[in-house]
Amino acid sequence: MMESGVPPCAACGDDAHAACRACSYALCKACLDEDAAEGRTTCARCGGEYGAPDPAHGQGAVVEEEVEESHEPVASGVRERVTMASQLSDHQDEGVHARTMSTHARTISSVSGVGSELNDESGKPIWKNRVESWKEKKKEKKASAKKAAAKAQAPPVEEQIMDEKDLTDAYEPLSRIIPISKNKLTPYRAVIIMRLVVLGLFFHYRITNPVYSAFGLWMTSVICEIWFGFSWILDQFPKWCPINRETYVDRLIARYGDGEDSGLAPVDFFVSTVDPLKEPPLITANTVLSILAVDYPVEKISCYVSDDGSAMLTFESLAETAEFARRWVPFCKKYSIEPRAPEFYFSQKIDYLKDKIHPSFVKERRAMKRDYEEYKVRINALVAKAQKTPEEGWIMQDGTPWPGNNPRDHPGMIQVFLGETGARDFDGNELPRLVYVSREKRPGYQHHKKAGAMNALVRVSAVLTNAPYILNLDCDHYVNNSKAVREAMCFMMDPSVGRDVCYVQFPQRFDGIDRSDRYANRNVVFFDVNMKGLDGLQGPVYVGTGCCFYRQALYGYGPPSLPALPKSSVCSWCCCCCPKKKAEKSEKEMHRDSRREDLESAIFNLREIDNYDEYERSMLISQMSFEKSFGLSSVFIESTLMENGGVPESANPSTLIKEAIHVISCGYEEKTEWGKEIGWIYGSVTEDILTGFKMHCRGWRSIYCMPIRPAFKGSAPINLSDRLHQVLRWALGSVEIFLSRHCPLWYGYGGGRLKWLQRLSYINTIVYPFTSLPLIAYCCLPAICLLTGKFIIPTLSNAATIWFLGLFISIIVTSVLELRWSGIGIEDWWRNEQFWVIGGVSAHLFAVFQGILKMIAGLDTNFTVTAKATDDTEFGELYVFKWTTVLIPPTSILVLNLVGVVAGFSDALNSGYESWGPLFGKVFFAMWVIMHLYPFLKGLMGRQNRTPTIVVLWSVLLASVFSLLWVKIDPFIGSSETTTTNSCANFDC
């Protein structure tokens, strides 16, 4: 601050000192230096030079001032002032405002005299003009200095725009729902309602117009048609609200960051394999390599491989894979290649130079391909060596016997290959952790096949890494999209969506399928139509692979935002208007009551102990409660309480390995909730459907994620026999669930958390194998009608014609509109329809009988793992034929209908033209069956168009016997016709 009587700077108004010794004209130091820099050395008031002494007062008029800590004259030489001005100018160029320099207050002595003022031509004093120009220039200087400082501190415009965009993206949703257009969905729903009405009118006509001359045929057809109508309702209405979803991976990165300091959640990958001779180690290795190379922070990825066959071949091939990953992973990340499974990357028939501008790419790619070929040679050598097992068993490289020589009786084995303490890649970077796991097996213990292996991986991973999310893959499903994990995290880590999400399911996509997809291996209708419909309800079903789980959901917990239970429970959605007098307890409440009784008994026993602290008692009871659910492992129990995952920093790695061996022991799950309420659920060979159903019953919802580039791809059995056995396994699992306590028809009503349309979809999932019974009967009806001359419908009236046409038109229009909103092709739809009939009259029928026999007689069905394709020729496996009894029923139906068509035409030729009209309806019916079974017929012919002799003999024999018996018995001839014939025979005409 200035002292009293000292005026401020005449240019800028800041603290000033006397620049002119003659007239004491007040200027601040910055303005004085600015004048000096511009070459103005004369006073604006008196015209004298700055620093010149006043002739009246001499040298003593100015008192020395203190500037910072040194004493210097008020007016220094011009050279010194120019130097200071240039320094200030340099500071301004660097973006530092010159006015930030602080100065001490200066004491100016009073001046006794002031020089005369000089005027310009207009009569205005010159000093005033100069003061005004100073002020204007000062303002300009300040403005430019501020701009320079802002420019120096701010990033470039492009970066600033990107930063602002990232900041905005960080607060935006990570995904969004894209509803189907109303122009597509409204007509679709309207036609469904119309079809339902027409179906009711059709059934009314069919029931009220029996065919008395063929009453048995008519009754059979009506029962079959009613079942088909019921099956259509179960399949159709869960597709009422289909939706699409879109993810924003860039927003995920903006919110949680990337690299070492990323806030992305860790993920544990599970890969399961059993028999390396049927599941080639090279296929499993490609899956593992694609996981290790995913586009995700390496310290947040762990890969666990479950070897349920305890094969040394799997162990050794995994060791080779870990070594090859040191070269493969940095190559993938350096050039951002897709897919990151080397077998499928190098076999692509595309221009691999597209979008690759790095000059060394071609050279490194060629070298990497050579390394991979050498790696394949080593793996194939291991496979060739494993074809013949030594009598003394396998010996490891250190000379000790392989612990898993007996796959049914061996200890648990764990080996960590890569990770934080393991080998690094050739660029010196850390690699994701790779862990080999083979759970303990002993005679007399139930191991629960794949479900038991997955639960063992859940416990091992919880002890070693405890990532909050788990992504499981079959050994033949590789990561096709390196950003697949980020796609899943867009749902899981979105606060507005992920709280109630138990899993994110990706669609299955396949390689190596023939172009026409003869046996509907792609299953496009299910993955692109049904699953989208379920996503609009409570979420898609779990299909066993390509699924990212929330670990806490696998532990049997409900969603965090679970609403309060209703006051009363209902037995079914259809009887909600008839409430019970007393609400039944839900399963969770009954489980809680039983647990409370156990705890009370435990408390009673503890109270008998003298001097037992209450706090210690409560802690012990809590520990006992967790042990009853999760097993006897304090480390694992502690991990279940960590919702965000992670392992305690104080944990000793060697101790954790010992604990991991303990949790995969064969008796660990005894007297616990594993397989009942926790983990993968036991009780069916299709544990995936059962596990997802239990989660949905607890109130969780699931998400269906369909990225533009498929997340995962796998292989499918493309030959007829293997495909039918795969369908047989799925159908048997559904029958097992239908006959168990977890049947959706009666399970899970207590909490009321399963939406009724979602329940319909689960009912359809477990009921569809039983459609094989009416389907086989219906497929035999055309041949029977042609052989007997009867038909299942009477002569059509005008009204009946309208109902039939209305039903056929509604079926066609519904299918067309479904294709329209889903985007699938008509060929995929037709292949699905064909294989629905093929599977229904073969695999589904066997599944029904096997499931019933298993329940009644306790006969367990052992399924072998489907062998993966090994034929080097394109689609070579398509023509491989393997004999199986499943082929007999559809072959018999084919032969029977062909015989019926021939017999029908022969009868029409003998009977005259009046019988041709009814014949066309019967022949059309038979041709409908033959057209649906045509892919099956091609599969029987094989590459050489030859059907195996045994199949031909059995089918012709059955069809011939059936036809002869039918013609001999002729059970559908009316009694009146018989009486007339007998009377005529006794009358002598």
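Here the Cβ of each residue, glycine as well, is placed from N, Cα and C on the backbone.
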Checklist entry - For which of Asn480, Asn862 does Swiss-Prot record the feature N-linked glycosylation site? => result Asn862
Checklist entry - Hey, in Swiss-Prot are Ser181 and Ile737 both on the same membrane side? => result yes
Checklist entry - Looking at the ranges 9-47, 204-242, 789-827, which is given as zinc finger in Swiss-Prot? => result 9-47
Checklist outcome for this item: According to Swiss-Prot, Ser272, Lys278, Glu279, Lys449 bind UDP-alpha-D-glucose, and the residue from Asp308, Asp409, Asp494 that belongs to that same site is Asp308
Checklist entry - According to Swiss-Prot, which stretch among 362-389, 614-641, 698-725 corresponds to the feature coiled coil? => result 362-389
Next on the checklist: Can you work out whether the transmembrane segment (917-937) touches the transmembrane segment (773-793), with the criterion being 3+ CB pairs under 8 Å where the paired residues are 6 or more apart along the chain?
Outcome noted: yes
Item to check | Intrachain neighbours beyond the topological domain 'Cytoplasmic' (820-835), with Cβ under 8 angstroms and 6 or more residues off its ends | outcome: 180-181, 184-185, 188, 242, 516-520, 522-526, 528-529, 532, 931-935
Item to check | Among the ranges 214-234, 773-793, 799-819, 885-905, the one whose Cβ pairs under 8 Å to the transmembrane segment (185-205) are most numerous | outcome: 799-819
Item to check | Range from 773-793, 799-819, 885-905 with the greatest count of C-beta pairs under 8 A to the transmembrane segment (214-234) | outcome: 773-793
Next on the checklist: Measuring Cα to Cα, how far is Lys450 (Mn(2+) binding site) from Cys23 (Zn(2+) 2 binding site) in Å?
Outcome noted: 101
Checklist outcome for this item: Nearest by Cα to Ser272 (UDP-alpha-D-glucose binding site), of the recorded positions Cys20, Cys23, Cys31, Asp688, is Asp688
Next on the checklist: Can you check which residue among the binding-site residues Lys278, Lys449, Lys450 has the largest number of Cβ atoms within 10 Å of its own?
Outcome noted: Lys450
Item to check | Nearest-integer angstrom distance between the alpha carbons (Cα) of Cys23 (Zn(2+) 2 binding site) and Cys9 (Zn(2+) 1 binding site) | outcome: 14
Item to check | Residue from Cys28, Lys278, Glu279 whose C-alpha is spatially nearest that of Cys20 (Zn(2+) 2 binding site), among the binding-site residues | outcome: Cys28
